[in-house]
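J.: The structure under discussion is supplied below as structure tokens; questions concerning it will follow.
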Amino acid sequence: VLVESLLVFIIVLSVHAVVWDRFSWCTVALAIQAFYVQFKWDRLLQLGGAVFQFRGAANSGLLPASMVIPLLGVVMKERCRAAGIVYFERFGIVVASTGMLLALFLSILAVGITKPVPTNTCIVTGIAGSIIIYTMKHSLTVSEVIEVLEVLLIFVYLSMILLYLLPRCFTPGEALLVLGGVSFVLNQLIKRSLNVIEGRGDPIDFFLLVAVVGVVLLGLFFTVLFIFLDSGTWIASMFFHMMTAVLGLGVIMPWLYRLIQRNPLFWLLQFLFQTHTRLYLLVYWTFLAASACGVVFYQNAKRSSESKKHQASTITRKYFHFIVVATYVPGLIYDRQLLYVAAVLCLAVFIFLEYVRYFRIKPFGQTLRHLLSLFLDERDSGPLILTHIYLLLGMSLPVWLFPRSCAPKGTLPGAGALVPYSGVLAVGVGDTIASVFGSTMGEIKWPGTKKTFEGTMTAIFAQIIAVALILIFDSSVNLNSSYAWILASVSLVSLLEAYTTQIDNLLLPLYLQIMLMA
């Protein structure tokens, strides 16, 4: 925990040294108080006094999770300020302020339920909170303050509902990151729906917002419904499919139509088949999807013939990382907009299939339970299987969060040009190589962990080779001699992978994106 915290502090101080404004000072204050409060959360988890049931075999992860959204906002603000885009500079300030307020709320919650009351932690939290609120008071307009408070309100209600319904699925840090992100997306969708201006905004951005909110609302609806109804019957399954169609065609489609001012299905078909390059990419991705399904079926057939082996090995699970890299790299090089939309569609399908598996919806629910049980690991201790969704999110978030409006030529200068590749580098290459080489050839373990020195060093080396290959094949990437910063960023994130107990598929790409954007 101490080494993980040290690495996060180095990242925070690196960003602070580059940005050096009132918001970067606030991130330093937030990091110090999150470090103190993290130990209170860890103690609550050990004693079972944390109100909700969180994922076991991991620390609270409060410090690494608390810093992600504020740092993303700070570096986005700085990039858009340099590009002279005032609207998105203000948006970055709102993102940073929202992340800080959500992290403070979680900290105050931990301090409030800790007995006896931790005096020193209360003082540190009070000082950090005062600095952050004072900065927000002198930086945000009234409408921006209201927006930040709206996100906090949505987060509180969403946390109470989902953490109660889904025990042992998240650590406190993962809950902050996932539910904070969903709350922000929901608030953005409501805000944009109430202020629709024809022709304003990119349809693919609206597509992401509506898809995320739609699948979350769908899950909440069916979770409440199946409290009163047995979900495993044919009647319940037929009702599930019927209501999915009703909500999709009767709520989500009209909502999207209002935002993009055209028929969503016609727009999507026209978008997908617009060029020959897109057709080739879609055919290629279909082949890779079929290959991934083939791996699942083959491993399950192998399990039935070898009754002693009940779980897939680490190397077997990394097959999917290789397939994901093969999926994302051509999309990033040839058509990032198509990759953006395809990743949104894939996320919606993944979450829908998880609903089918979780609720045992006929005819595929039980089959999915059997097929996916082979690939479970210790992080899937709750009722949901989330690791494959986290893998997709880790690869997609750098593409979705890339500030296109602040990059006039479609790419950022220097190390920022690698931002869309953050997921490929951190998870697709680094995490995969570290896991494969560490488990097969690693002998020297990092103190206090199961990860090996050989795995981490190989991961860093592999990511440097990957950067060189990106430079060769993607002509839009121009690093402008920022090689030392890239090496430092990759090394820090690889060391964080060795020491964190949080979901690395989600955390590592975001930290690498922060460093590259800084």
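Backbone N, Cα and C define each Cβ position, glycine as well.
Caution: TrEMBL annotation is automatic and unverified by curators.
According to TrEMBL:
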TRANSMEM  56-75  transmembrane segment
TRANSMEM  87-111  transmembrane segment
TRANSMEM  117-136  transmembrane segment
TRANSMEM  148-166  transmembrane segment
TRANSMEM  206-229  transmembrane segment
TRANSMEM  236-257  transmembrane segment
TRANSMEM  277-298  transmembrane segment
TRANSMEM  319-334  transmembrane segment
TRANSMEM  340-360  transmembrane segment
TRANSMEM  381-401  transmembrane segment
TRANSMEM  421-441  transmembrane segment
TRANSMEM  453-473  transmembrane segment
J.: Quick one: find which recorded stretch in 87-111, 206-229, 319-334, 421-441, 453-473 has the most Cβ pairs under 8 Å with the transmembrane segment (117-136).
T.: 87-111
J.: Is the transmembrane segment (148-166) packed against any residues at least 6 beyond its ends, judged by a Cβ distance under 8 Å, and which are they?
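T.: Distant contacts of the transmembrane segment (148-166): 52, 54, 94, 97-98, 101-102, 105, 136, 140, 175, 179-180, 182-184, 186-187, 190, 220, 223, 382-384.
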J.: Taking residues 6+ outside the transmembrane segment (319-334), which of them lie with a CB under 8 Å of any CB in it?
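T.: Tertiary neighbours of the transmembrane segment (319-334) are 277, 281, 284-285, 288, 291-292, 295, 342, 388, 391-392, 395, 399, 420-421, 423-424, 427-429, 431-432, 473-474.
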